[in-house]
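Since the structure comes first, as structure tokens, the remarks are kept for the end.
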């Protein structure tokens, strides 16, 4: 029995309960976008207007696109990806004037408007800045699916000044950006929605990307790009802790674009930080407010780049054929890396100093570029936040990937016989993309996530475990770590009756044991008792807070912390410089209940400097803390070492994480603790002991009747539990040594 099949549970998708596992929390990692602590920001519709106003200035202080309200409807029992109408600020009516003309309305920005508009586009509508200098927008009623209408609509009618620093001559053509204010008032130059690939539509759906075609004239890259087609989280309604991760630009297959933000004055040969968003390979977009690049670029004098890549079946469907080769989303990222290599010097960046950084599935993506021979030479360093290629949710086998693709084909009425793969692909290409993403979960069995990376023989030649064991990966510096409560967010989504989204939630001992039973229905008694034994606080086994927190640790250790540790350990064993952190700060304005602690993704807004935005209510200490995090991250990108040239109380020394010392730095508001691990014993349990136990007890009967591990003297005479204890002690000693 494989370990990934141990912990099973139920997942709530909208109103539908789907069987799911704890070790199969895998599914949740991929349904839900990564999450972080920010304050939700929603704009209300103004007189039904379809234009969303958004100021890239200190006054508005939001990200690359407005955080507009989105809604979805349930289709076939899953969350719909159809966005709702757009939103605008309450003052937009005084800034805009419009005149309707059949299909096109010309909307002109008033000369006295102190705003940069990055429009939200409602379903069936699109808005584009035609000329940044004139401040003119074009509102196009574009039919059922919001999409870019091609490059010509974004070309300027006037010749560009060759001396204009906002006009950059890329290898595909000239582009024009715009200068905006960072939250601190510093200026940055921004280019949004630079095409790096041809739209992957029609016959290009599911295939590896093709480089963008050249264009003539000047392309106005001043509008945030489309988000790739995906489902939208509606489980908690308009709760900002969840909706902050929903896409805030139109959903479209035409989504392969890059964003670049550079400090002003423009640097020469600056370090480049390329962000890869998370979302479980199922969702996500580079334009979220929490990823606002302006503070990081302006405060640390680095070039910040982000990219859109295909997710869900459109990005990771695999049939092993030229038409559906798999890993299209990873090849999107690879093509974007090549674009950065060939063009970033034109923006003031140094192509030899590119650092990839990402969180959750973004961190897994970064790690796969470290492993892939196709990507290793395209960047220098890597930062991995709460993600590792050895996570149980990171990859599936070729056989399983093919089975899931055929299940999807069957669900949408396409040929699904293994002998008719070409027919299946041809049919799937003709389906509406929203139909595909809305039917992916209906094709699955228990505890499975539909479309993730696969060992395809092209991007990946072997499993990450084999690459790490053999030393076949990029030898370089890495910075990596995890947060103290990695599991709570996912547990809240599938144990909704037990862990309600409110203050004061506790878990009794009986509820804890019941939760473990629900999460582990298919394992034998020894394995289940081992998990209960390991995650019980035996000094206070009936403590309701400890029992609640133990559930978080079970999920977080298995899916995140222990895999991050494993990756760091293997890198350190090869003599690479490794820096590890444990993130411990919970923001004052966190919308989630306090008992959720420091959840998966809570570090992201501090990495991007969101607390520096004066409109968001962060404390002065949190602003200073964000400056410290940005400095650590950017120092690493510049030099391979997060430490400043001279140590100080403000920047405590961050020790290397060596194979023997295993040191990490605790990143908290007022702490500078250096620890060892983290969570060495628990990771020995998952990585060393439990696999041995499962192998040793595989012939034992199924799940034993639920009970406390030590509730009677009979415990000491059970052979399976004697094996359990001996194996646990042996594995723990070996792991720590």
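Just so it is clear, glycine is given a Cβ too, placed from its N, Cα and C backbone atoms.
Range annotated as region 'Disordered' by Swiss-Prot, chosen from 141-168, 169-196, 197-224, 225-252: 141-168. In terms of Cα distance, none of the disulfide-bonded residues chosen from 228, 255, 427, 562, 683 sits within 10 Å of residue 486 (active site, charge relay system). Fewest Cβ neighbours within 10 Å among the disulfide-bonded residues 228, 255, 427, 562, 683: that distinction goes to 427. For the recorded positions 360, 414, 486, 600, counting C-beta atoms within 10 A of each C-beta gives the highest total at 360. Distance between Cα atoms for residue 414 (disulfide bond) and residue 255 (disulfide bond): 25 Å, as a whole number. Looking at residue 683 (disulfide bond) and residue 360 (active site, acyl-ester intermediate), their Cα atoms lie 19 Å from each other. It is 8 Å from the Cα atom of residue 600 (active site, charge relay system) to that of residue 360 (active site, acyl-ester intermediate).
The shortest Cα-Cα distance from residue 562 (disulfide bond) to any of the disulfide-bonded residues (228, 255, 427) is found for 228. In the three-state DSSP scheme, residue 228 (disulfide bond) is classed as strand.
Across the fold, the C-alpha of residue 255 (disulfide bond) and the C-alpha of residue 360 (active site, acyl-ester intermediate) stand 21 Å from each other.
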